[in-house]
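What TrEMBL says about this protein:
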DOMAIN    1-346  domain 'Major facilitator superfamily (MFS) profile'
TRANSMEM  12-29  transmembrane segment
TRANSMEM  41-59  transmembrane segment
TRANSMEM  65-87  transmembrane segment
TRANSMEM  99-119  transmembrane segment
TRANSMEM  125-146  transmembrane segment
TRANSMEM  158-180  transmembrane segment
TRANSMEM  186-207  transmembrane segment
TRANSMEM  228-249  transmembrane segment
TRANSMEM  261-282  transmembrane segment
TRANSMEM  294-311  transmembrane segment
TRANSMEM  317-336  transmembrane segment
Amino acid sequence: SRGLQPSSAQLLWILDIYGFFVAGFLITMGTLGDRIGRRRLLLIGAALFAFASVLAALADTAALLIAARALLGLAGATIAPSTMALIRNMFHDPRQRQFAIGVWIAAFSLGSAIGPLVGGVLLEFFHWGAVFWLNVPVMLLTLALGPRFLPEYRDPDAGHLDLASVLLSLAAVLLTIYGLKQLAEHGAGLASMAALLAGLAVGALFLRRQGHIAYPLLDLRLFAHAPFRAALAAYALAALAMFGVYIFMTQYLQLVLGLSPLQAGLATLPWSLCFVIGSLLSPQLAARWPAARILVVGLSAAAFGFAVLGLGQGLWWLVPATIVMGLGLAPVFTIGNEIIITSAPS
């Protein structure tokens, strides 16, 4: 913030715009991949992510950085649905698919573990824009290897993309997230309640439209499957818990305990590594016990970790608690993901 000197409003948008765009475009990008090809969408997203990273690294104004972060969010929304859809199509054996999902989540967790460390080193010794340069070689490697190793898949019966549904889904998600953010920061006021009510109303219109068009953006028939509903609920709870605690931890470690970015990254490393281990072990657990039991035990272990986290202060409480949380949540993400993607039609 010292380099760009953003206003307080601009600083909030720099932080929030990425998440807004990822959340807003996830449903659309998942459906778009069915129509233009999942590999093609992944490569388009990788190219856009690399371009936006360069733009962010070179930004000399807050407005340009906000625009670059928005493009990063748009590109980021293409990556998760494309890769998960490719896993669904490439691995038909349940055990192989569970292992592939475990590796996918472990890679995500490993990036979360290494990212704060590398980012901390870069922020200690280099210009703040250096953190965005890290994305470029990864995306270029994806562009180089993707066409060679990833087969293309598309749904021949996907039909056309309903633009009205795209706009409704985007508006519903953005309004709801904005309303929740305002509610958390300023309490129940006119802006927060108006945004929430508008988001819910637009969301209702979106759902109503999905039930009346031939090629919906979101197939509501999925929610008729009890395993899909249960796995989705468990996954949503785990995601809210994990990312909420992670945001708290980054603030607590640096603003309360006074750690440097590098030291804060080291403090979160045990949690991330345990999450990687838990993700890789999840297929072995699934081979021995029912998925429902794994989800219940995982969420219970994570709840115990949250309880321990609230009992004390300092690293001696935080690190053991987050280790238990990581080991508990990892199977929920891996097994929950597998249930969700196998509930969808091929």
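For all residues, glycine too, the Cβ spot is worked out from N, Cα and C.
Curation plays no part in TrEMBL annotations; they are all automatic predictions.
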Which of 65-87, 125-146, 158-180, 261-282, 317-336 contacts the transmembrane segment (41-59) most, counting Cβ pairs under 8 Å: 65-87
Distant-in-sequence neighbours of the transmembrane segment (317-336), which means Cβ under 8 A and at least six residues beyond its ends: 98, 101-102, 105, 109, 231-232, 234-235, 238-239, 241-242, 245, 249, 252-253, 267-268, 270-279, 281-283, 285-286, 291, 294-295, 297-306, 308-309, 311
Stretch in 65-87, 99-119, 158-180, 228-249, 261-282 most in contact with the transmembrane segment (12-29), if contact is a CB pair under 8 A: 65-87
Beyond the flanks of the transmembrane segment (125-146) by at least 6 residues, Cβ under 8 Å: 3, 39, 42-43, 46-47, 49-50, 53-54, 56-59, 68, 115, 118-119
Contacting positions for the transmembrane segment (294-311) when only residues 6+ beyond its ends and CB under 8 Å are counted: 230-231, 234, 237-238, 241, 245, 282, 285-286, 317-318, 320-332, 335-336
Stretch-averaged pLDDT - the domain 'Major facilitator superfamily (MFS) profile' (1-346): 85
Considering the transmembrane segment (99-119), which listed stretch of 158-180, 228-249, 261-282 counts the most C-beta pairs under 8 Å: 261-282
